[in-house]
Amino acid sequence: MTTTSVGARKPVRRGAGALPSDGAPNRRRRQLGDLRVALVFVAPALVGFVLFYLVPTVRGVYLSFTDYDLFSNPVWVGLANYIKIFQDKLFWNAMGVTTEYVLLNIGFQTVIALGLALLMYHVTRSTLVRGILLMPYLVANVVVALLWFWMLDYQIGIVNEILQWIGLPRVAFFGNDQWAIPTIAFVNVWRNMGYTALLLFAGLQAIPKHVYEVAALDGANRWKTFWKITIPLLRPVLLLVLVVTITGSFQIFDTVAVTTKGGPVNATRVIQYFIYQKAFSDQEFGYASALSVILFIILAIIAFLQMKILRGNENDLD
Amino acid sequence: MTTMTTPRRRIDWGRTAAWAALAVAIAVSLGPMLWMLRTALSSDHALASHSADLLPADFSWGAFARVFGLESPAQAIAEGGSGAAISFWQYLLNSLIVSTVITVSQVFFSSLAAYAFARLRWPGRDKVFSLFLGTLLVPSIFTALPNFLLVKNLGLLNTYLGIALPTMLMTPFAVFFLRQFFLGMSREVEEAAMLDGAKHARIFFQITLPNATAPLATLCLLTFITAWNDYFWPLLVGNDPSVRVLTVALGIFQSQSPQGAPDWSGLMAATLISALPILALFVAFGKKIVNSIGFSGIK
């Protein structure tokens with residue numbers, strides 16, 4: 001598409017250069033602007049975009065309507081994959097497990113991050129403190145997962161040693177089907193809380209100071225100021241952060257892949273791990289594509305609802 | 001201070017509690033990192049009997065030696081390792097190559113595109129830009145499956161290029177990040193150069209880029225860290241030992257534990273080494289990274 005437009009528009013510009021007094025080519029030139037040079041600048045990124053974002057999105061939807069094992073050509077099967085998915089107990093299990101993970105992860109992460117953001121804002125503005133709190137986020141998911149896999153080990157992990165020292169029973173954090181998802185959710189709360197806090201901290205900094213001064217003059221205490229001023233004015237940022245973190249949370253994969261591998265039994269077979277196994281262990285590429293279309297739709301609906309319900313694009317200052 | 005001549009300030013309990021909470025948060029963030037170091041410097045056999053010691057249990061560099069293959073298999077097995085040859089140097093090199101290639105080319109090509117979106121006028125510009133932005137919402141698994149097929153069809157499975165290609169030419173975030181910065185830059189010098197007849201290529205390389213070193217450096221850092229930490233995509237297309245990156249290698253290392261009992265100190269030494277380049281970057285450029293995370297830092 002891009003190459004044809006280059007070819008079609010090249011002569012126009014040459015014409016404009018040859019006949020500067022003529023009105024018509026000049027106008028056309030103005031409409032086209034810097035198109036020729038812009039195409040050169042944007043070409044590599046555009047190729048990357050079309051090849052690795054646009055075409056795969058279309059192809060992913062197409063594959064979801066096919067039966068494809070990677071070796072023979074895809075066979076069109078209409079809605080068969082989707083019908084099969086809705087009857088697949090493992091799919092519903094994956095949805096349930098993923099939802100449980102997202103609720104635990106986002107719930108704790110958002111509350112803790114909000115607390116940390118307030119501390120960053122009110123107690124100390126030290127970059128060092130913010131840096132330390134951000135550090136876990138910069139380390140790879142895989143590293144974080146393995147570190148906690150060790151610290152939460154049933155036999156000799158430090159956390160179980162501490163539990164025993166306090167007088168509590170040991171817990172098989174990754175090995176017990178009740179504990180596995182909360183554990184993975186907690187590990188990622190640990191990794192992401194500083195990052196989320198920094199995003200919210202940036203939002204706090206954007207609230208004008210005079211609003212707080214007026215509140216103080218009116219005799220509002222800290223509690224009231226927080227609920228009546230900080231939270232409403234932080235809402236647009238909070239919403240944006242929630243959309244981003246929830247979208248990320250639904251795509252939990254790395255932690256599961258290096259620790260529980262979906263187990264015990266199906267307790268941590270989250271949706272992205274389920275898709276991965278369908279595509280690469282079972283070679284059901286069409287089925288896996290349909291699963292990822294469903295995941296995509298779910299994420300789009302959630303983002304849309306959040307925007308609607310929380311009225312994120314409106315600011316209470318206006 | 002026995003006589004209360006000057007009225008002493010009342011202890012602000014709220015503030016004390018806030019500092020205490022912050023101290024806990026810092027300890028929670030740092031503690032596990034230190035525990036990783038402590039375990040990596042322990043002898044694997046001593047870990048069980050000294051599981052709660054704060055200092056390394058029976059201090060030893062053995063775990064690092066095992067990871068880098070400096071010990072004979074017999075010696076490694078005796079110390080609790082798997083004895084299997086681990087080409088950790090190779091994985092370190094692979095990670096370095098892939099992340100560097102992605103960073104340099106992605107930032108370069110994205111800055112070209114960002115210039116076209118911020119400084120040039122052309123039909124369809126805003127439509128193309130919103131299309132770019134729209135893909136920020138597409139989950140990575142969704143494009144990963146078709147991208148895997150594409151890389152497979154191109155015959156690039158298990159090559160550096162195959163791992164790097166999808167993020168080499170652009171990411172929507174990088175284009176967006178640089179466009180925002182270019183829009184905020186003063187146009188005066190550029191316009192003066194334009195009057196002198198300078199071409200856009202010259203303006204871009206001699207004026208815009210040199211004036212944007214700060215955001216370019218920040219973007220390079222963020223891109224490098226993201227590439228270094230990526231697991232899912234390299235797992236799909238780069239599982240062969242010759243191109244295997246560190247994150248993928250760590251996942252395998254974990255499941256190769258001998259006789260059920262993992263070589264914890266070896267594993268922690270390996271994770272520490274994998275995290276080290278990022279931590280070093282963080283020590284060197286921490287302020288830049290911390291300050292880059294705000295609204296534009298939302299990925």
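Every residue, even glycine, has its Cβ placed from backbone N, Cα and C.
Note: TrEMBL annotation is automatic and uncurated.
If you look up TrEMBL, you'll see B:92-285 marked as domain 'ABC transmembrane type-1'.
Positions annotated as transmembrane segment by TrEMBL: B:96-117 (among others).
Long-range Cβ contacts of the transmembrane segment (B:129-149) within its own chain (Cβ-Cβ under 8 Å, at least 6 residues beyond either end) map to 117, 166, 170, 172-173, 175-176, 179, 232-233, 236-237, 299. Taken from TrEMBL, the feature transmembrane segment covers B:129-149 (among others).
Residues or ranges marked as transmembrane segment in TrEMBL: B:161-182 (among others).
What TrEMBL lists as transmembrane segment is B:203-228 (among others).
Residues or ranges marked as transmembrane segment by TrEMBL: B:264-285 (among others). Same-chain neighbours of the transmembrane segment (B:264-285): 36-37, 39-44, 47, 60, 62-64, 66-67, 80-82, 86, 88, 92, 95-96, 217, 221, 224-225, 228-229, 246-247, 249-250, 253-254, counting only residues six or more beyond its ends whose CB sits under 8 Å from a CB of the stretch.
With a threshold of 8 Å between CB atoms, the same-chain residues lying at least 6 positions outside the transmembrane segment (B:161-182) that come near it are 98, 101-102, 105-107, 109-111, 113-115, 117-119, 129, 132-133, 135-136, 143, 147, 151, 154, 208, 212, 215-216, 219, 223, 227, 233-234, 237-238, 243, 245, 296, 299.
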